[in-house]
Amino acid sequence: MKEPVTKLKRLPLAIYCLAAICCVFTDQTAVGQLIKDLPASVQEVGVEQRLGETLPLNTVFFDERGQKVRLNQFFDGQRPVLVTLNYSDCPMLCSLQLNKLVTALDELDLEVGKDFQIVTISIDPKETPFKARETKSKYVNILPREGVADGWHFLTGKQDSITKVADAIGFRYKFIPETGQYSHAAMLAFCTPEGMISSYLLLIDYPADQVKLGLLAAGGGNIGSLVDNFVLYCSVYNPLEGSYTASAWKIMRLSAAATVLLLLIGLVPYWLGRRKTSADLSNHELPNQSRMNVQQNAAHHSQ
C-alpha cells in the first residue's frame with residue numbers, strides 16, 4: 001500500500017528534473033529567440049554602468065526657472081549628487097519611479113539640500129522649463145521637508161546636452177515616433193561631489209537603505225554618522241544587481257579583529273595581577289635581604 005504513495009511523491013521531482021534538463025539544452029536558443037522577438041524599442045534601451053566615469057560638468061541646461069545653468073553648479077565638492085533621467089510627459093514609468101524615490105527620501109535621515117543634491121534631467125528636448133517647474137512642484141509638495149525645493153533641481157536642455165550626460169551615465173533610451181513617447185529604463189546614478197559616478201540603483205522600487213548606502217559611498221565620508229559609515233564599510237556594491245549587499249569578507253575581518261581585541265582586554269587583569277605579585281615578592285624579599293646583610297655585618301665586626 002505504501003509503494004504507490006512513494007511513487008506519487010516522486011512524480012513531481014521527476015517532472016522538475018525533466019524540465020531542468022530541457023532548460024539546460026534549450027536555454028541558449030530560447031533566450032536568444034526571446035531577445036530576438038522583443039521589439040527593437042525595448043532591445044535598444046537599458047543602462048550600461050559607467051562606474052568611475054566623470055559627468056560632462058560643463059554641459060549647459062536650463063533650470064525650472066528658465067535660467068541657463070551648467071551641470072557643475074550642482075557639484076560643490078562637498079555633497080554627493082543623485083542624478084535621474086526622466087521626462088514630464090512620461091505616461092507611467094517616470095511617475096512611478098519618482099514617486100518611489102520620494103517614498104525612500106521621506107524615510108531617510110539624510111536631508112535633500114543639506115546632505116546631498118538631486119538633479120533630474122529631462123530626456124525630452126522639447127520639454128520647457130515651465131513644464132519642468134510644474135513637475136518639480138508636484139514632487140516637492142509630496143515631500144514637505146525643509147530644503148527640498150532648493151536641493152532638487154529639474155533641468156531641461158537641447159538634445160546635444162542630454163546626449164552627453166546620457167552617454168556618460170550609460171543610459172540608453174529611444175524615441176518611439178508612433179507613440180510620441182520615449183522607451184527607457186528606471187535608474188538612479190549616485191555621483192561624488194566632483195561628478196564621478198560611484199554606483200547605480202537599477203530598480204523601480206528604491207529601498208531607503210539602498211539609497212542611503214549609495215549616498216554615503218558617493219559622499220566619501222562627508223555625510224552620515226559613524227554608525228552609517230560603519231554599515232557602509234560592511235557593505236559592497238554589486239554591479240550585476242545594481243545594489244549593495246553585506247560583505248562577508250569584511251564582516252569576517254571585523255569579527256576576527258573584535259575577537260583579538262576581546263582576548264587582549266581579557267588578558268589585562270592577568271597581566272596586572274602578575275605585575276602586582278612580582279611587586280609583592282620584591283617587597284617581601286627586600287626586608288629579608290636587609291636582615292641578612294645586618295647579620296653578616298654584625299658577625300664580621302665580632303670577629
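Using the three backbone atoms N, Cα and C, a Cβ is placed for every residue, glycine included.
No curator has checked TrEMBL annotations; they are predicted automatically.
In TrEMBL this protein carries:
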BINDING   C90, C94, H184  Cu cation binding site
DISULFID  C90-C94  disulfide bond
REGION    282-303  region 'Disordered'
TRANSMEM  251-272  transmembrane segment
Counting other C-beta atoms within 10 angstroms, the emptiest spot among the binding-site residues C90, C94 is C90
What does DSSP call C94 (Cu cation binding site) in the simple three-state scheme?
helix
In terms of DSSP three-state secondary structure, what is the assignment for H184 (Cu cation binding site)?
coil
Near Cu cation: residues not in C90, C94, H184 with Cβ within 8 Å of the site Cβ centroid are N86, Y87, M92, L93, Q97, I123, Y182, A186
Tertiary neighbours of H184 (Cu cation binding site) (same chain, Cβ under 8 Å, six or more apart):
V45, L85, L93, I123, F171, R172, Y173, K174
